[in-house]
Structures are given as structure tokens and as C-alpha cells.
Amino acid sequence: MPLFFSSNMVIGRAAVETVEPWTLAFLRWTLAFLILLPFAHRGLVRHRGTLLRHWDLLGIMGLLGMWFCGAGVYFALRFTTATNGTLIYTSSPVLILLLEWLFRGRSISAREAVGIVLAILGVITIVVEGSLSALLSLSFNGGDVIFALAALSWAVYSVLLKRGEFTSVPTLSLFAALALAGAVTLFPFAIWEIAETERFPVTSDAWVSIFGVAVVSSVLAFSCFQYGIKVVGPAVTGVFMYLLPPYGVLMAVVFLGEALHAYHFAGFLLVMSGLVLATAPPALVQRLSLRLLARLKPQAR
């Protein structure tokens, strides 16, 4: 499951060399919708009243989750690495907590607050490449900044997804509806892009990448996530999501030949520490803390 989710950055980074970003995102979500349609059509028909009644919310979510976090991410990958993108994007869960605290009155514990601060510091470390002078002079890589905005966009999308408008809609049908909404919002930009650049994917490599992000990064990733929730529950499934950064970084190094720097390791440690502190179940954090203390005690003697 983490492999499927983290593949989007690596496949996308390779794909944007031959496919324009908005075209890639449009084809991704169009194909994902067509693949999902045979399995989701009954739910779409049965709940069409609910979906049509909230068409505006679907459009906003398609814009946030598929336009900005799709085409925006692919555009950003032309200016930064898949490694940077993966590590920055990993901060989304803590941004969700922050948004729920700001706008939905969610209480935040001291542990979660520390986690949020650590994760944000990790993102800043990666964006400024560990350079204090870059931070003070506000000299950033544009692609990294877009990724930070995309992480925030995904957090807003996730908060909207938790609202009660679509609770009656089967999960697979809702995902298909959101894929269609994303394709609709992307369509005019893809047409404009093709007209301006006079580039449409025709090579086999381009279409392998397109099918990769549609099938592996979209349909399979989502299906495995839903299957995991059904079989082992959301708590255990959520823990597997902590493997996204190491999987993504490893694939970027192996398949794209990207280099790792000291600031990547520092940012990774900060983001992952913050992510675990802010989002892991309290029982899991307690068990990990007890194990760590047990290992440290013999050394202290």
C-alpha cells in the first residue's frame, strides 16, 4: 500500500519530462474514473440526488484534491525533486489537525502540538535546504513552495471529506465522483495546454507513465487503503502510511538517481517525529516510549 501511494511522485517526476502537467493530471483522473465506473456505477445512480445536490462541494474538492494536488504537484516536479516533494507532502496529516483546531474547534493535546511544530520545522528545513540565510532572505525553490501549498490543499480537501454531506454515499462511488469532478476541473486547462504547447502524449513511455499514475497511484492505492481499513481497521492501516516517506525517498534514489543531502535527513527526522507524535494512536506512542526507555535503562547503568 505505501508503495502504491508513494509511486505518484516518482512516476510523476519521470512523466513530466514528456507529458504536460495538466494533461497528465486530466488523463490520470479520467482513466481512474473509467476504471472505477463498472464497480461504482450502482452507488452513483442510487445516490445521484445527494451528489447532484452538493455539486458545488464536489467541484471544490475536485479543484483541491485533483487539480492542485494533481496538476499542481506535477508542475512543481519540474522544479524540484521527488524526494523533496515526498517529504514535504508527508506533513499533510498534521496540517489536517491544525485546520480542524482552527476551524472546527478540535482540541489539540500537548503531544499533538509538539508534533505539529516539529513537522512544520521539518518542511521548512527541506524548503530552505537547511540554510538559515535562505530562510532570512526568503530565497526558496518555487517547486518546494508549491508542494507546501499542495500539502495544505490536501489538508483542506481531507477536512471537507470528513463533513457529513456524503456519509450515505459508498466510499468507492464517492471516490469515482471525486475523480470525475477532478477531471472536469482539469479539462479546460488540459485543452489550453495542448493548444499552447502543441504537445499530446503519443509515445509508449508517456502512456506507461499515464497508466501508472492512474492505475497504481490512484485506483490500486485507494483500493488497498480501503481493504486495509476493512480487514485490520483504520488504526493499523494508518500506521502503514508512516512508511510513505521512506518508500518514496528510496524509489526516488533508486529509479531517478536523486541525491540525498544532510538537510533531507534532518527534515525527514523532524517530519516523521512530528507525524508520529501528532497522529499516532496514544497507545502506540506509549508502547514505543516504554520500549525506548527500557533500552536506555541498561545503558544508563
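Glycine residues also receive a Cβ, built from the backbone N, Cα and C atoms like all the rest.
No curator has checked TrEMBL annotations; they are predicted automatically.
Here TrEMBL flags 3-127, 143-278 as domain 'EamA'. Annotated transmembrane segment per TrEMBL: 26-45, 57-77, 83-103, 115-136, 142-160, 172-194, 206-227, 239-257, 263-285, in sequence order.
Confidence over the domain 'EamA' (143-278), given as mean pLDDT on the 0 to 100 scale, stands at 84. Taking DSSP states H, G and I as helix and E and B as strand, the domain 'EamA' (143-278) has 118 helix, 0 strand, 18 coil.
Secondary structure counts, DSSP: the domain 'EamA' (3-127) has 105 helix, 0 strand, 20 coil.
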